[in-house]
Amino acid sequence: MSRYVFTSESVTEGHPDKICDQVSDAVLDACLSEDPTSRVACEAVVNTGLCLITGEITSKAEVDFNKLVREVIKSIGYRSASDGGFDANSCAVLVALDQQSSDIAQGVNEAEDHSTDPLDQVGAGDQGIMFGFACDETPELMPLPISLAHRLARRLALVRHQQLIDYLLPDGKTQVSVSYENGVPCSIDTILISTQHKSEVDGITLEEEIQKRIAKDLWKFVVEPATEDLPLKPAKESTRFLVNPTGKFVIGGPQGDAGLTGRKIIVDTYGGYARHGGGAFSGKDPTKVDRSAAYAARFVAKALVAANLAKKVEVQLSYAIGVAKPISILVDSFGTGKVSDSELTQLVQDQFDLRPGAIIKAFDLQNLPSVRGGRFYRDTAAYGHFGRTDILLPWEDVSQKAKELSLLK
């Protein structure tokens, strides 16, 4: 019998890196809402009393970046110095943006596929490798450790926003360790929650007593509600529960650590359970295959698992800048496939159009911000881009494609 423990982490929307991801994607939403053909590569940096946005944007949209940045920071919960030391109203907002390089624009606008098909004429915005993954551990076909970590992080933010626990502050992290037997989850080994909090908790000032109180409240208001509908639940008797292991977490957010767009790419994807091509998502328009092709790879992998062609699937795609068709496609089913991996790879090549233009069209990636009232990508920037059940993501809707694939068996 093979036994092992696998661990994944998530972070809340108030984590410094996640503030930056949300700022970058809010800028992307604002540009695409007014001009769906906008080219955006927006990075953000936060530090004590400062938010900088930089990168390259070519767009007809008129965006008040200063106002937008402050609105994002305020919505996360940093409304005054007492909300964790970072204040949306008084922090400095610096803007240093250029236009997209004409060399890159040429490669995207005029792909070298020598075809009259409009979808062949949209080249990849850069070279790179992207991975997509799915497995049957959860209903949303995600690995259980990252799914649980996100559930806890979302719930942690919710109880703060709703003031069910009124001493919590925006910064926080979760980590879940799951025990496996023969590749199947069998128990929740450890849950770790680190959450920023006020220096005084309901009149309690002694560090050890504060830690005990926080642990009690988090189990009742976060852990139990976040896992109540799961067949595999944490148990007080057997699941190790760690809360703020250093003793206290008062200084947090940008006051405690600088943040940067694109530094939580494992949190954004599969929690380390599958490989990663290295490219971040936030702040990038859909012509950047780091983002759009990673979404497509997830769609492919999830469709294959949903069609019962395998229990676990990883899909690798690769692209060259200015070229529409993928350079390579590879499927690995880890020995769980109903057919060979080479047959699955051929099936993907035959049944999925993975050109950037086709991906953008199929998922409507350039129009979704305007269709959703000016906000789409920003909602993906915290709590993961895959397996979401709280927002509608087109690359997660594989029901029709899975049905089509099932008929091919």
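Yeah, the Cβs are placed from backbone N, Cα and C, and that goes for glycine too.
Every protein chain shown contributes to the tally, and the Cβ of Gly172 (ATP binding site) ends up with 28 other Cβ atoms within 10 Å. Annotation source Swiss-Prot lists ATP binding site at His15, Asp171, Gly172, Lys173, Lys248, Phe249, Asp257, Arg263, Lys264, Ala280, Lys284.
Close to Asp17 (Mg(2+) binding site) in the fold, though at least 6 residues off in sequence, lie Val11, Gly259, Leu260, Thr261, Arg263, Lys264, each with a CB less than 8 Å from its CB. Residues annotated as Mg(2+) binding site in Swiss-Prot: Asp17.
Look at Swiss-Prot and you will find Glu43 tagged as K(+) binding site, backed by sequence analysis. DSSP assigns Glu43 (K(+) binding site) to a strand segment in the three-state reduction.
Taking all protein chains in view, 16 other C-beta atoms sit within 10 angstroms of the C-beta of Glu56 (L-methionine binding site). Under the heading L-methionine binding site, Swiss-Prot lists Glu56, Gln100, Asp257, Lys288.
The region 'Flexible loop' annotation in Swiss-Prot covers 100-110 and rests on sequence analysis.
Asp257 (ATP binding site): 16 other CB atoms within 10 A of its CB, across all protein chains.
Geometry remark: Gln100 (L-methionine binding site) versus Lys284 (ATP binding site), CA distance 12 Å. Of the listed binding-site residues Lys248, Lys264, Lys284, Lys288, the Cβ environment within 10 Å is emptiest of other Cβ atoms at Lys248. Taken residue by residue with DSSP, Glu56 (L-methionine binding site) is part of a strand. Looking at Lys248 (ATP binding site) and Lys288 (L-methionine binding site), their Cα atoms lie 41 Å from each other.
Between the CA atoms of Lys284 (ATP binding site) and Glu43 (K(+) binding site) there is a gap of 9 Å, rounded to the nearest whole number.
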